[in-house]
Amino acid sequence: MSHPLWSGDFYNEGTGKDDIFDTLKEECGVFGVYGHSDAASLSYYGLHSLQHRGEESCGMCVADGKEFNYHRGMGLVKEVFDKERMASLVGNMSIGHVRYSTSGDSRLANAQPLIFKYRDGDLAIATNGNIVNAPQIRHELEQSGSIFQTTSDTEVVAHLIARSSKDVVEAAKDALARIVGGYAFLIMTNDKLLVASDPHGLRPITMGKLGESYIFSSESCALETIGAELLRDIQPGELLVLDKDGLKEDRYTEPQRKALCAMEYIYFARPDSDLNGSNLHASRKRMGSRMALEAFVDADIVTGVPDSSISAAIGYAEQTGIPYELGLIKNKYTGRTFIQPSQELREKGVKMKLSAVRGVVEGQRVVMIDDSIVRGTTCLRIVNLLREAGATEVHVRITSPPFKNPCYYGIDTPDRKELIASNKTVEEICREINADSLAFLSPEGLISAVGGDNASDPSGGLCLACFNNDYPTTLDFDGEEKAGCGC
Ligand code: SF4
């Protein structure tokens with residue numbers, strides 16, 4: 001079968017549909033410290049390790065027992081916090097945030113942590129996730145006089161806490177019990193740090209210890225960076241309270257069906273992080289190995305789309321005996337750019353983010369491992385990069401089931417009508433992405449690879465809603481306006 005080569009623009013920097021990585025966007029990352037004299041420095045390094053979860057803005061609020069010192073800005077951690085700024089962030093308790101935001105909503109007012117003054121003092125909140133019923137609660141609060149400063153869902157929780165006559169712990173419990181969604185919250189007052197996970201544990205948050213200090217992070221890789229020991233994941237419905245009396249392990253609701261976001265395993269989290277006791281690199285290798293068992297194809301080399309699919313490609317190669325090769329290289333130094341290439345350069349195929357390695361793929365039958373297909377445009381471009389570099393066959397293996405439904409729990413996904421798997425068969429997608437063959441990992445294969453085989457829970461403790469439309473929470477809103485990230 002002969003395939004026409006891609007004849008459109010190859011410019012692949014930028015965002016949206018022009019971005020060769022128009023895949024799913026990470027949500028946000030949170031990092032908290034309790035009981036360390038240099039909480040700000042620890043947070044700096046922690047947030048830096050979580051940078052892949054959000055590059056648009058970041059912030060940190062530090063408490064010294066009397067007042068808050070904080071700073072937020074647009075940009076990367078290393079850009080927003082310089083030496084002078086760090087010197088001003090004095091205190092032994094802190095919460096920090098890195099944020100990805102959907103376009104049009106990328107403004108400083110929404111950068112977190114959000115900071116408020118309320119009846120009992122200062123309140124800072126940082127969150128990762130999305131509150132499905134935030135619009136309804138916000139509407140109710142506005143009707144009764146609340147004035148919102150931001151468009152962030154997180155502010156809804158601040159208002160619920162501030163309007164309560166109870167102490168902050170009880171007020172936070174009531175607030176968390178009212179909201180529906182997928183989230184991890186860090187809430188700080190002048191003398192307390194509260195940490196909460198949603199009733200399904202959709203968004204990850206881990207607890208570690210550094211000496212006598214407690215550390216909280218969206219991913220365990222940030223604990224490793226600062227030399228902290230990983231203690232455990234925060235459980236669904238838990239509310240931890242840290243204050244002068246130490247750590248109190250409480251909860252605001254009973255846990256419901258465990259439904260940790262499967263895309264964290266597949267794509268978002270760093271390979272050096274652990275989720276639910278499993279290392280991500282090892283889990284992804286098992287996905288690749290399982291993929292090989294489910295959809296073997298005879299080929300000369302296996303290559304993974306960097307960075308998230310390299311582990312799975314190694315697993316596929318180990319299982320099949322087909323050598324793993326670096327057929328695709330990602331340029332690490334892309335980031336934001338102010339220079340748009342001219343039309344002439346675009347037509348010449350300026351490839352700023354990803355290149356195929358001609359010396360590796362030329363004349364070879366290639367198995368290309370990727371983590372997901374969203375619109376299909378990314379995959380088409382990468383398949384064509386390989387073909388242009390001389391690959392004789394390109395067989396695409398996707399280490400997730402077909403992505404058919406939008407996410408309402410903090411992942412920025414296109415509308416269902418833009419999700420190619422929602423509208424086309426596997427054969428049609430294969431033709432659309434110009435591949436010689438295409439296969440997706442089965443849901444059972446995914447569950448087994450992440451160690452979730454459990455007769456009493458067919459979903460293996462995972463949220464699989466973007467694959468099987470089985471959303472763990474109620475979605476009591478009209479249309480799809482609350483999809484994505486509400487941080
Ligand atoms: S719908 Fe998909 S992306 Fe969203 S939380 Fe569930 S598994 Fe993750």
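Cβ atoms are placed via backbone N, Cα and C, with glycine included.
Per TrEMBL, the features are:
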DOMAIN    28-245  domain 'Glutamine amidotransferase type-2'
ACT_SITE  Cys28  active site, nucleophile
BINDING   Cys261, Cys407, Cys463, Cys466  [4Fe-4S] cluster binding site
BINDING   Ser308, Asp370, Asp371  Mg(2+) binding site
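In this structure, of the recorded positions Cys28, Cys407, Cys463, Cys466, the smallest number of CB atoms within 10 A of the CB marks Cys407.
It is Cys261 that, of the binding-site residues Cys261, Asp371, has its Cβ surrounded by the most other Cβ atoms within 10 Å.
Cys466 ([4Fe-4S] cluster binding site) falls within a helix when secondary structure is assigned with DSSP. Other Cβ atoms within 10 Å of the Cβ of Ser308 (Mg(2+) binding site) number 23 in total over all chains. Only Cys407, Cys463, Cys466, of the recorded positions Cys28, Ser308, Cys407, Cys463, Cys466, place a Cβ under 6 Å from an atom of ligand 1. The residue listed as 'active site, nucleophile' and Cys261 ([4Fe-4S] cluster binding site) are 14 Å apart (CA-CA, integer value).
In terms of C-alpha distance, the listed recorded positions Cys28, Cys463, Cys466 place Cys466 closest to Asp370 (Mg(2+) binding site). According to DSSP, Asp370 (Mg(2+) binding site) sits within a strand segment.
According to DSSP, Cys407 ([4Fe-4S] cluster binding site) sits in a coil region rather than a helix or strand.
Taking only the Cα positions, the spacing between Ser308 (Mg(2+) binding site) and Cys407 ([4Fe-4S] cluster binding site) is 20 angstrom.
The residue listed as 'active site, nucleophile' is 19 Å away from Cys466 ([4Fe-4S] cluster binding site) when you measure Cα to Cα. Calculated from their C-alpha atoms, the gap between Cys407 ([4Fe-4S] cluster binding site) and Asp371 (Mg(2+) binding site) amounts to 16 Å.
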